[in-house]
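Enquirer: Take a look at the following structure, please.
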Amino acid sequence: MEGAGPRGAGPARRRGAGGPPSPLLPSLLLLLLLWMLPDTVAPQELNPRGRNVCRAPGSQVPTCCAGWRQQGDECGIAVCEGNSTCSENEVCVRPGECRCRHGYFGANCDTKCPRQFWGPDCKELCSCHPHGQCEDVTGQCTCHARRWGARCEHACQCQHGTCHPRSGACRCEPGWWGAQCASACYCSATSRCDPQTGACLCHAGWWGRSCNNQCACNSSPCEQQSGRCQCRERTFGARCDRYCQCFRGRCHPVDGTCACEPGYRGKYCREPCPAGFYGLGCRRRCGQCKGQQPCTVAEGRCLTCEPGWNGTKCDQPCATGFYGEGCSHRCPPCRDGHACNHVTGKCTRCNAGWIGDRCETKCSNGTYGEDCAFVCADCGSGHCDFQSGRCLCSPGVHGPHCNVTCPPGLHGADCAQACSCHEDTCDPVTGACHLETNQRKGVMGAGALLVLLVCLLLSLLGCCCACRGKDPTRRPRPRRELSLGRKKAPHRLCGRFSRISMKLPRIPLRRQKLPKVVVAHHDLDNTLNCSFLEPPSGLEQPSPSWSSRASFSSFDTTDEGPVYCVPHEEAPAESRDPEVPTVPAEAPAPSPVPLTTPASAEEAIPLPASSDSERSASSVEGPGGALYARVARREARPARARGEIGGLSLSPSPERRKPPPPDPATKPKVSWIHGKHSAAAAGRAPSPPPPGSEAAPSPSKRKRTPSDKSAHTVEHGSPRTRDPTPRPPGLPEEATALAAPSPPRARARGRGPGLLEPTDAGGPPRSAPEAASMLAAELRGKTRSLGRAEVALGAQGPREKPAPPQKAKRSVPPASPARAPPATETPGPEKAATDLPAPETPRKKTPIQKPPRKKSREAAGELGRAGAPTL
């Protein structure tokens with residue numbers, strides 16, 4: 001190769017029009033004619049976005065660009081035509097541009113690459129050199145003789161043979177054997193040598209160790225060692241000289257018995273398997289071929305399968321979760337996760353107690369178990385469990401058949417709950433407690449009583465609010481009275497309790513008697529220490545009625561009975577009506593005297609038992625001090641105490657006399673218990689008897705009550721005095737007496753009920769006749785005002801009330817007016833107020849004290865013998 005080498009080859013050359021004509025021109029013309037023939041195969045549609053695909057001017061149809069030919073849906077083949085046609089060893093890489101084929105180089109691509117080069121323009125170096133040659137296109141090595149390996153780097157070790165070019169294994173020449181073909185074979189011409197073992201293998205028709213014996217098997221081979229004939233197909237016998245009669249099978253080589261092929265049976269294997277069977281000896285059953293079609297007798301294949309079956313032999317059910325023809329349907333979900341039937345799609349099985357295509361239906365009543373195949377036993381008052389068949393009892397019964405009632409103390413389902421009743425007598429079904437007849441009545445009565453109490457409380461609250469708003473006596477008060485009223489809050493609170501009692505309905509107590517009343521002054525600053533009248537004993541003489549406004553529910557009691565409060569008017573500075581002047585009373589006498597005399601022991605001033613609610617309420621609400629009364633239950637005293645009181649002898653009553661019935665016309669409308677007293681009347685208290693009186697009980701035999709304790713406290717304290725004021729002109733004597741201020745409190749501790757002891761040590765003592773006359777004047781004034789009130793009420797309409805029985809009246813002789821202590825004028829603003837003419841003030845309804853009652857006849861007789869009631 002002169003001046004030509006692989007490195008000096010030009011890249012590519014362009015054929016010009018003036019080049020020499022190609023020697024391959026006739027062949028190219030033939031190819032062009034073939035290309036111009038109509039194509040019998042429809043060309044593939046071009047991809048508008050493919051390589052070298054263009055659009056013709058004025059058309060939207062894609063076509064290959066100039067110089068390119070279609071290859072698939074693109075234009076990937078370059079075309080070199082005309083003067084640009086490539087030679088035999090050239091390839092067209094671009095339109096009108098040729099390049100040398102791999103393995104060739106030169107100006108005309110007519111020079112083959114040297115052994116050590118390959119590829120385009122012989123630019124790639126061959127790695128097999130010098131023991132092999134590279135392929136021009138791929139560069140794969142082809143080793144020379146006696147060389148092997150990927151790069152022909154290994155030498156072949158076979159002595160009488162060749163090596164495999166990749167593995168190097170030896171291929172021995174005939175007559176040689178061994179790993180490297182180094183051993184020679186010693187076999188006759190009727191045999192060949194085994195290259196691995198070197199043993200001689202006899203040719204067909206020869207047998208023996210040296211393969212020198214010929215077989216006598218009628219052209220059939222024989223065993224190499226024994227020479228026994230190995231008959232060919234369809235022959236049998238010792239020499240393979242008999243013809244086999246089997247139609248679809250093989251004959252036994254000795255006796256010629258037929259061994260039928262699968263799908264046939266019979267002596268000569270002429271009978272195919274019956275429908276539904278296939279295989280060797282027709283022993284296997286066909287699968288679920290559709291429509292009872294027979295399967296192939298040899299393999300058992302079916303043309304189509306029944307619904308729910310799959311496989312070539314239709315012997316495999318549908319996979320889990322599928323069913324139907326061709327196993328193309330998906331099973332709907334079954335209850336409890338069970339699979340569906342591969343043929344019908346229904347659930348294969350259900351849990352005990354459920355049936356249906358989807359196991360969605362419970363067993364009907366009376367059956368239970370799997371597929372509801374079992375019948376329930378009799379469950380009495382219960383029902384059968386649809387799963388287990390066990391009787392489920394209703395509340396109140398138990399047992400295997402639900403026919404046993406719950407024992408006492410238990411209830412509910414299966415009697416599993418304990419009763420919460422006191423005596424375990426509850427309903428076995430609901431557990432409600434059974435009440436006996438008396439218990440039911442008690443519960444009903446308690447409910448009714450509760451309703452009545454609620455109604456009563458609501459009524460009391462309503463009445464209190466209504467009466468407080470309608471009280472005509474409430475009016476604006478001066479600032480000083482308001483300040484004094486704050487100090488007397490306990491007394492007003494006591495009065496409000498009495499107002500509640502006045503709103504209660506009147507309850508007739510026809511078989512009770514009025515109690516005895518003992519009046520004693522209490523300190524104005526005393527704490528809340530009042531109660532109401534004690535209900536008379538039911539064993540005494542019946543009375544027409546007793547005002548329910550005298551409550552028996554609260555306040556203090558003493559050894560002699562309960563204590564109730566009677567408010568009196570305020571002092572001049574504390575008076576509710578500032579327009580009415582008041583006259584202070586003189587200081588009490590130095591020596592106490594009894595309130596009654598033997599001459600007045602036969603009569604007693606009657607005291608009414610009822611009172612007007614509004615007047616009594618207004619009087620109790622006053623800020624002034626209160627008169628307290630004790631209801632003394634008289635006990636049997638010695639004859640000496642019974643016969644004389646305060647040193648005065650009284651003749652005992654010969655017999656107990658029943659008092660005559662009261663006159664309804666003279667019954668007052670206002671009770672002295674709640675009536676408003678004037679300051680003067682309340683202030684003139686009788687003097688107590690001397691300490692040595694036999695009628696006074698011993699101090700050691702008498703308990704100290706809260707009222708006595710308060711009285712004792714005031715007694716040892718500093719004495720309080722009031723400035724006496726003169727009676728204003730024009731004011732009647734009775735009004736003056738009623739308006740007089742209240743004297744200091746008197747205590748009766750240790751001197752018997754009704755005996756008053758002055759606590760004011762500063763003033764002169766008052767005589768007994770003087771005190772008696774003042775008390776009589778007060779009572780006469782109250783009686784007159786009561787009469788005027790009755791006349792006024794009679795004009796409006798009489799109120800019929802049952803009159804209480806009257807006791808024998810004991811009168812107190814009036815004291816001489818000359819003995820009344822003179823009133824001294826008090827200078828100050830009060831005097832200027834009294835100089836003015838006093839306006840006419842409304843008369844207060846002053847009740848009269850009701851005579852007390854005794855519990856027994858002996859007590860009544862003792863009262864008659866004792867004389868007048870102790871005030």
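Heads up, the Cβ atoms here are built off N, Cα and C, so glycines get one too.
When I checked Swiss-Prot for this same protein, it listed these features:
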type	residues	note
COMPBIAS	570-579	compositional bias 'Basic and acidic residues'
COMPBIAS	632-643	compositional bias 'Basic and acidic residues'
COMPBIAS	705-725	compositional bias 'Basic and acidic residues'
COMPBIAS	821-831	compositional bias 'Low complexity'
COMPBIAS	844-856	compositional bias 'Basic residues'
COMPBIAS	861-871	compositional bias 'Low complexity'
DISULFID	CYS75-CYS86	disulfide bond
DISULFID	CYS80-CYS98	disulfide bond
DISULFID	CYS100-CYS109	disulfide bond
DISULFID	CYS126-CYS134	disulfide bond
DISULFID	CYS143-CYS152	disulfide bond
DISULFID	CYS158-CYS170	disulfide bond
DISULFID	CYS172-CYS181	disulfide bond
DISULFID	CYS185-CYS193	disulfide bond
DISULFID	CYS217-CYS229	disulfide bond
DISULFID	CYS244-CYS251	disulfide bond
DISULFID	CYS379-CYS391	disulfide bond
DISULFID	CYS393-CYS402	disulfide bond
DOMAIN	71-110	domain 'EGF-like 1'
DOMAIN	122-153	domain 'EGF-like 2'
DOMAIN	148-182	domain 'EGF-like 3'
DOMAIN	183-212	domain 'EGF-like 4'
DOMAIN	213-241	domain 'EGF-like 5'
DOMAIN	236-270	domain 'EGF-like 6'
DOMAIN	372-403	domain 'EGF-like 7'
MOD_RES	SER551	phosphoserine
MOD_RES	SER613	phosphoserine
MOD_RES	TYR628	phosphotyrosine
MOD_RES	SER651	phosphoserine
MOD_RES	SER653	phosphoserine
MOD_RES	SER710	phosphoserine
MOD_RES	SER718	phosphoserine
MOD_RES	SER742	phosphoserine
SIGNAL	1-43	signal peptide
TRANSMEM	442-462	transmembrane segment
Enquirer: Listing them in sequence order, which of the disulfide-bonded residues CYS75, CYS86, CYS393 have their Cα within 10 Å of that of CYS98 (disulfide bond)?
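Expert: The disulfide-bonded residues passing the 10 Å Cα test are CYS86.
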Enquirer: When DSSP states are folded down to helix, strand and coil, where does CYS170 (disulfide bond) land?
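Expert: Looking at the DSSP assignment, CYS170 (disulfide bond) belongs to a strand.
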Enquirer: Taking DSSP as the reference, which of helix, strand or coil describes CYS391 (disulfide bond)?
Expert: strand
Enquirer: So what's the mean pLDDT when you look at the domain 'EGF-like 6' (236-270)?
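Expert: So the average pLDDT across the domain 'EGF-like 6' (236-270) works out to 89.
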Enquirer: Taking only the Cα atoms, work out how far CYS393 (disulfide bond) lies from CYS379 (disulfide bond), in Å, as a whole number.
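Expert: So the Cα of CYS379 (disulfide bond) lies 8 Å away from that of CYS393 (disulfide bond).
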Enquirer: Write down the Cα-Cα distance for CYS244 (disulfide bond) and CYS217 (disulfide bond), rounded and given in Å.
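Expert: A Cα-Cα distance of 15 Å.
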Enquirer: Quick one: Cα separation, CYS391 (disulfide bond) versus CYS172 (disulfide bond), in Å?
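Expert: That comes out at 94 Å between the alpha carbons.
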Enquirer: Whole-number Å only: compute the distance from the Cα of CYS75 (disulfide bond) to the Cα of CYS100 (disulfide bond).
Expert: 22
Enquirer: With CYS86 (disulfide bond) as the reference Cα, tell me which of the disulfide-bonded residues CYS109, CYS143, CYS172, CYS244, CYS379 is the closest one.
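Expert: Spatially nearest to CYS86 (disulfide bond) by Cα position is CYS109.
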Enquirer: Quick one: what's DSSP say for CYS100 (disulfide bond), helix, strand or coil?
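Expert: SS state of CYS100 (disulfide bond) = strand.
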Enquirer: Filter the disulfide-bonded residues CYS80, CYS152, CYS158, CYS185, CYS229 down to the ones within 10 angstroms of CYS172 (disulfide bond), Cα to Cα, kept in sequence order.
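Expert: Among CYS80, CYS152, CYS158, CYS185, CYS229, the ones whose Cα sits within 10 Å of that of CYS172 (disulfide bond) are CYS158.
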Enquirer: Helix, strand or coil by DSSP: which one applies to CYS402 (disulfide bond)?
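Expert: Assignment for CYS402 (disulfide bond) reads coil.
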Enquirer: Quick check: of the disulfide-bonded residues listed here (CYS109, CYS134, CYS143, CYS185, CYS193), which one has the Cα closest to that of CYS402 (disulfide bond)?
Expert: CYS193
